[in-house]
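Novice: Starting off with a structure, shown below.
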Amino acid sequence: MYIPRHTVTRNMDSFRKFAHMKKLKRHNECRRTKSLHPNEHHQDENIKVVVRCRPMNVPERKAHVENVIKIDTTKKCLSIQYSTDRLKPRQPGKARRFTFDAVYGMQATQTEIYENSVRPMVNHMLHGYNVTIFAYGQTGTGKTFTMEGSQMERGIMQNAFRQIFDFKQKEKRHKCIVECCYLELYQGKIRDLLNVSRPTLFDTKAKLTLPCKGLRSVTCQSVEEIENCRKKGYKSRKTASTYFNDYSSRSHAIFIVTLKVLNSKTGKALIHSKLNLVDLAGSECLQKSNATDIRLKECCEINLSLLAVNKVISSTVAGKTYIPYRDSLLTQLLQDSFGGNAKTLMIANIGPAASTYKETLVTLEYANRAKKIKNAPNINFYREDRCHNEEKMREKYKKALEDLAQCKMDYEMAEKRADTLKNMAIKQMKDVAELLVDIGKVNQPNPD
């Protein structure tokens, strides 16, 4: 069968164009993950940072300690002013002003903070993003209260659980699976708070991610079940009485909630996201803490891990090529939260007293640097129509390869046929030439 050369060339050009379009589509999907909403695109964004100032505690009120914090919630800013000059103690020092995504004063409630700053983050998790929410600040500034709450007021964790299970209850079309893990970092080691009877040891040389391999994962069907897991883990946390706090956390705790949304008919995953709820241990001044023995060791370990977080933030903001994530287990576990693919909310807890002026200023400077970090959040979302389209694309690709192979075979056969015809034509032309010569000889007149 003879196939014209231009037909083969046109088919090969079509195949190259098809392959180029497929490669371009794959490249775009790597850079921009599609979401539940077709108009939503992936963009780099800064870490969200909010500040919460606790009220004066009883010792501070008894000592009539000066309040050095002024808050303007409408402008989302605060200023800190205090004289550190011993020669001029009554002369006001230079005011430092900071602006954040939100600033909450002493009268702010747990509900107000959750509704304004936390609920949108949890909503992102429900739509496929990995989300990290962590509280940072000096010991005794209300981090654990903000995250865990009390008997009178629910904390971020309890409110997040309710929001997640409200979503699960309303999602009628698909099956939702909620799992949780709970760990703490104590003196450079990872402890499974949901399985404290078994000492869990992790390979610190390997790359650590959340949730860690080996952690006990509990599937929860209701708010009550996941809340029981939180309470069980909280009771197992390392706490102690210190100079600053009667119930000071001596470890960093991370509660991980994993959400899987499956197609009820096919069982295929549609969403797979996680929410990391982090309660960091408070930084402590060694001179003020009067810590000794085991408390001193705990204090040093806490400060070293927080220093590692500070180094990671500074390096990320500076745009350095090397980020020291491996300096601490804490930074390894939270790598996706600082310059990674997660949406991150930092809640900086501070105190208003002049006696903790330096510690408060350090926290504010730390938070001010953190808000400059840019993350690249990705949606862990799998669209059924996209899977179907990819299946059709694979079929087209396979058929195009078969067509290309057939075109190559036809082209080679056509070339051979053309060579054969060419040789036949040359032979026929030679035969004709010889015949003409013979005819010429016959037609020559006889000299006799």
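Every residue gets a Cβ built from N, Cα and C, even glycine.
Annotations in TrEMBL come from automatic prediction, not curation.
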Novice: With the ranges 75-109, 110-144, 145-179, 390-424 to choose from, which does TrEMBL describe as coiled coil?
Specialist: 390-424
Novice: Go through Gly137, Gly140, Gly142, our binding-site residues, and report the one whose Cβ sees the most other Cβ atoms within 10 Å.
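Specialist: Answer returned by the neighbour count: Gly137.
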Novice: Any same-chain residues 6+ apart from Thr141 (ATP binding site) with CB under 8 Å of its CB? Would you list them in sequence order, or say none?
Specialist: Arg54, Gly282, Asn349, Ile350, Gly351, Thr363
Novice: Within 10 Å of each Cβ, count the other Cβ atoms, then let me know which of the binding-site residues Gln138, Thr139, Thr144 comes out lowest.
Specialist: Gln138
